[in-house]
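Peer 1: This is the structure, below, for whatever I ask next.
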Amino acid sequence: MTVKINTAEQAASLIDKYDTFLFDCDGVIWVGNELLPSVKETIELLQSKNKKLIFVSNNSTKSRIEYIEKLLKLNINNIKLEQIINSAYSTAIYINEVLKLNKDKKIWVLGQNGITSELQNFGYETLTLDDIKDKELTMENINNLIDLNVGCVVVGLDFQLTYLKLCITLQYLLNKDIPFIATNIDSTFPFKNTKLPGAGSVVEIASFSSNRKPDAICGKPNPGMMDSILSHHKLNKDKTIMVGDRLNTDMKFGSVNDIDTLLVLTGIELESTVSNGHPDVTYYADKLGDLYALGSK
């Protein structure tokens, strides 16, 4: 049964029930560069009760350090690096610990600096269009833009996506021996009062053109993300809750890992999709800030 949190008693009971809170970020903590209402107060309330807080994001455009910086700018304090697990970091862990890609191989990245930064932290050399800008960047010169030492392709959200980037990515993916790794497959992400194409939209282009599915998807709801969390934190799943704004990633992530879930309606989903119950949703609320705001009335 899916329960809506709309009273002070329900909010207090939920807080008391769980020791660990896993938070998605976009659409839960913030939208764009704006902190959502009463989120700061909610986080401070949970911190005062010594709850373990872990920020689990499918956004690969920022490194974990950049997440800390963004939280500080939004006046969310006392968050440590090990409390940030995003799909860029999860991707780097997968390539290093599961693929065990040799460090003498380069990684072609179709995505933002968050991905390259996390990969470089593991000792990998990354390759993007910026790294070959001294060459003639034309379609006619496509074969000369390919580096034969590339041993892996990572595709995520790219705000500067171009046709040439897609063409180069395809050349690598035509080699079936080169692993195709997707940071995540979110089709969209919330921005102000609308939605924008997400990493999944870019992954679909690469997948369709190459006639290949990703060999691994490192973001929620896939198990690699939980492996990344468990590499830093011990969890009692009965005392852990996943808080997110999206059914097919956040709520599914909780469900497949036997963790209770709280859906907030400040991002992607509408109340009509869960008001009559949903198998992956334990609770839902209008916003994360209700955990504080309901009790302060």
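Counting starts with 1 at the first residue shown.
Just so it is clear, glycine is given a Cβ too, placed from its N, Cα and C backbone atoms.
Note: TrEMBL annotation is automatic and uncurated.
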Peer 1: According to TrEMBL, S57, N58, N59 bind substrate; which one of K192, K195, K213, K220 is listed for that same site?
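Peer 2: Within the candidate list, TrEMBL flags K220.
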Peer 1: Based on TrEMBL, name the residue from D238, D245, D258, D260 that is recorded for the same Mg(2+) site as D24, D26.
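Peer 2: For the Mg(2+) site that includes D24, D26, TrEMBL also lists D245.
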Peer 1: I'd like the number of other C-beta atoms within 10 A of the C-beta of D24 (active site, nucleophile), please.
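Peer 2: I get 25 for this one.
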Peer 1: Taking the recorded substrate site as S57, N58, N59, K220, identify the other residues of that chain whose CB atom sits within 8 Å of the mean position of the site's CB atoms, giving them in sequence order.
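Peer 2: Leaving out the recorded residues gives D24, C25, D26, V56, S60, N86, S87, N184, D186, G219, T249.
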Peer 1: Within the chain of D26 (Mg(2+) binding site), which residues six or more apart in sequence place their C-beta under 8 angstroms from its C-beta?
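Peer 2: When sequence neighbours closer than 6 are ignored, D26 (Mg(2+) binding site) has S57, N59, F189, P190, D245, G267 within Cβ distance under 8 Å.
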